[in-house]
Structure formats: C-alpha cells, structure tokens
Amino acid sequence: MKNIMQSIFLLSLGCSKNTVDSERLIRQAELNGLHFTDQADDADIIIINTCGFIADAKEESINEILAATEKRHNGEIKALFVMGCLSALYSRELRAELPEVDHFFGTSDLEEIISVLGGSYRPSNIHERTLLTPPHYAWLKIAEGCSRTCSFCAIPKMRGRYRSEPIERLEKEASLLLKNGVRELNIISQDITQYGWDFDERSHLNDLLKKLAAQEFSWIRLLYAYPLHFPLDVIDTMREHANICNYLDMPVQHISDRILKSMQRGIDKKGTIGLLESIRKKNPDIRLRTTMIVGYPGETDREFDELLEFVAQLRFDRLGCFPYSHEEHTSAFKHLEDDIPEKIKKERVEALMELQESIAAERNRELEGRVMKVLVDEVEGSIAYARTEYDAPEVDNDVLVDIGDNPVQPGDFCTVTIEESSAYELHGRVNDC
C-alpha cells in the first residue's frame, strides 16, 4: 500500500498492554513518514487494536469494527485493519463475517502491519514509542504473553507463552521515556512476578527494579503481580528507594480453596493470606490493590461469604471486582457450567463493592490533615486533578486540589494538605508546587 499522503486513525481498546502495542505501531509508522489523525472522519485508513478478554470488551471491539466497516463499505476510508487480542482469537470467524476488513492481524504482527502500510519495520527503534498517555506518565511492558493456566483466562491463547524482555532493552526504553519527560513509570505485563523465569527459572523482577530505580524517575509503580512465587525482595527494594511507590497491584481473584484450585491459581487461602501479611509486615506503608471474580461456576453462598469475610479482614486499599465471564478458549468454558445466574453475579458484585467502599472511605479518612505529595494529571480552572503515590493512573483515587491562581500544569508535583475525603476522592489545598 502506498503511504503517500495517507492519514491513519488508530483506535486502541482494552488494557495498558494494548496501549503499548499501539504506541510502538504509531512510532514505527511515523518513522516511515506516515501521518496519524485524532479524528476517524479525517482518516484514509482506520486501525482498530481490539480487546478480547471478557464479553463486554469483545462487544465493544465488535461494535467499533462494525462502525468502521460501514465507513469502508461507503468508501469513506480506503482501508480498514483490525489487530490485537480479539483478532488473534477469532481471526477465522471475523474474516468470514467481515469481508469489509482489509487485513486482520494478531498481537505480534507489528512488522507485517508496517509492511502492509507501505513501510519498513525498524527493529533498532523498537524501544521507541509515541505515547497515547499524558506525557508525564507511561507504561513499561516488561514481558509479552503468559504461561499461567488460569481456568477463566484466554490470554495465553491470544498472546502466547511468557517472553521476558531483556533488562538492557528495558533500561534503554525507560531511559528514552525519562528523556522525553515521563516522570511516572508504571511497570506492567500480564504477570510481572514471572519476569525472567524464561531466562533461568527464577524471577528477575527485583534485578530489573533496582536498575530502573537508579534512573531519575520520580515515581515507579508495580502493577499486575501474580501471588504465586512473588519475590518478597521486591518489597525490600521498594522500601530502600524513595522513587518506588509504596503500592502493589496483586490480583487475588478469590479466597475459597475450592475455587482457587478450580481456577488453577497454584496457591491456596493460607498461602495467599500469608503472602499478603508478609508484604505488609515488610512495608507497613504499602497500599495494596487487588481484583476479584465473583459468580465463578459453582460459587456457593458460603464461598461468597468467605470472600466477603476475607476482604473485611485484609482491608485492601483498592479493589476491583468482575462478574465471572464464561469465555471460549478457556479451561472453565470447556469443563464447567456457567451455573450462577447473572442476577446473582450482579448482586454479589454490588455487595463486595459496597463493602470495599466502606473500607476505602475509612482508609481515606485516615489521610485527612496529612500533607501529601501529588502528581497533577489535569487542570480545570482553579481545580487540579491529581494522584498520590498510592494511586495508579486511570483506576484509583483522584485528589481534587484547590490551586487558586497558582500556575500549576499537568505533570507537576505539588504538596497538598488533605482536608476532606470520600471513598474514592481526596480534597485538598495546594501548599506549593
């Protein structure tokens, strides 16, 4: 495809890992002289990077593809490409149902996409990205794929087995992000715990973290840690380095031994509680985020009550909850019946999140009167929307800061006195920036 004067609109759906893939694609295309637009109506080519994790994400991806196929059918665009997880999992079915799509790509087809766009893939520039996040924070994807066998998840089929990026390349990528103004580095993969196991069957996460902490990022944050074999020396390193946030995102999913075994998580209730207690003992100031699944096949009232009791006792600082989604290409889909009614799933989500809201409100009240360092994400008039080190981008608390007439900009660090709080917001006034 000739790239002369071609304008591309890229829609990136789904998780932060997908965002990084899109950022790499944009940069490789730009190096070949291709131009991107923020408006689909101005584009010659539309690329949709899809998500296929759960039913809602699939539906969103399909709806966006259908809207774009209408443009392709009407001649409003010259080409339509679909990439990402949904495309990887259902390429045959999508090709049969959507002939308007010119090309379908998987999750590791960057070189092929650039070639179809009329460019040449440049492996020496793979560490370069054009950020889709605000310029002051970025994701650092330290591995691709997943080798876990969780019964509810099709990620290994979408993205393949776990492949760690070499530490040297990640250092180079991080250094470039720092040079380009990134102040907060968020370390991600499907499972950061497993980083380096494919090198020599041990976690190298702590080795990597020390290397990154030596760079001059203001904040470094750890997201998506699997409980099994989590390296506790990471928590020691967290305490030793002021620029590593006292924050850990560790999806637990459930606490019932029967359900954890059925989920094929590799860890039981005793091991999970012991790990979380060890983490908090090593670092009393740490804030823990987790994710739960309710309505898993066969989940009884007693097992759900056990989960509620666990959450009430452990008092996670941040918690997200999903109703179980019976996904094709998973072990649970093949072997288990989706026997919990959607109404019950919804009620259980609401009950768990109501409990978590009360915990979060109590935890936030403890911060009232404190002076805290915050990172500003957005400014609207005299109000800045910011985050503490305990809050990851896009998913956690906002700090609403009265900045008066102070010249505060996104990306600024400020000290703020917290005056009021609710479950998911802090309110304060600026001291200095």
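Positions of Cβ are set from backbone N, Cα and C atoms, glycine also.
From a predicted model like this one, the values you see are computed outputs, not experimental measurements.
Annotated features, as they stand in Swiss-Prot:
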- 6-122: domain 'MTTase N-terminal' (DOMAIN)
- Cys15, Cys51, Cys85: [4Fe-4S] cluster 1 binding site (BINDING)
- 132-362: domain 'Radical SAM core' (DOMAIN)
- Cys146, Cys150, Cys153: [4Fe-4S] cluster 2 binding site (BINDING)
- 365-432: domain 'TRAM' (DOMAIN)
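Local packing around the Cβ, expressed as the count of other Cβ atoms within 10 angstroms, is greatest for Cys85 among the binding-site residues Cys51, Cys85, Cys146, Cys150. Using DSSP to sort the residues of the domain 'TRAM' (365-432) gives these counts of helix, strand and coil: 1 helix, 37 strand, 30 coil.
Cα of Cys146 ([4Fe-4S] cluster 2 binding site) to Cα of Cys85 ([4Fe-4S] cluster 1 binding site): a distance of 13 Å.
On the backbone, the CA of Cys153 ([4Fe-4S] cluster 2 binding site) and the CA of Cys85 ([4Fe-4S] cluster 1 binding site) stand 12 Å apart. Cβ packing within 10 Å was compared across the binding-site residues Cys15, Cys153, and the lowest neighbour count falls to Cys15. Those residues of the chain, other than Cys15, Cys51, Cys85, with a C-beta within 8 angstroms of the mean position of the [4Fe-4S] cluster 1 site C-beta atoms are Leu13, Gly14, Lys17, Asn18, Thr50, Gly52, Phe53, Ala57, Gly84, Leu86, Met158.
Under DSSP, Cys85 ([4Fe-4S] cluster 1 binding site) is assigned to a helix (H, G or I) in the three-state scheme. Annotated [4Fe-4S] cluster 2 site Cys146, Cys150, Cys153; additional same-chain residues within 8 Å of its Cβ mean position, judged by their own Cβ, are Arg148, Thr149, Phe152, Ala154, Ile155, Pro156, Gln190. Taken together, the residues of the domain 'Radical SAM core' (132-362) have an average pLDDT of 97.
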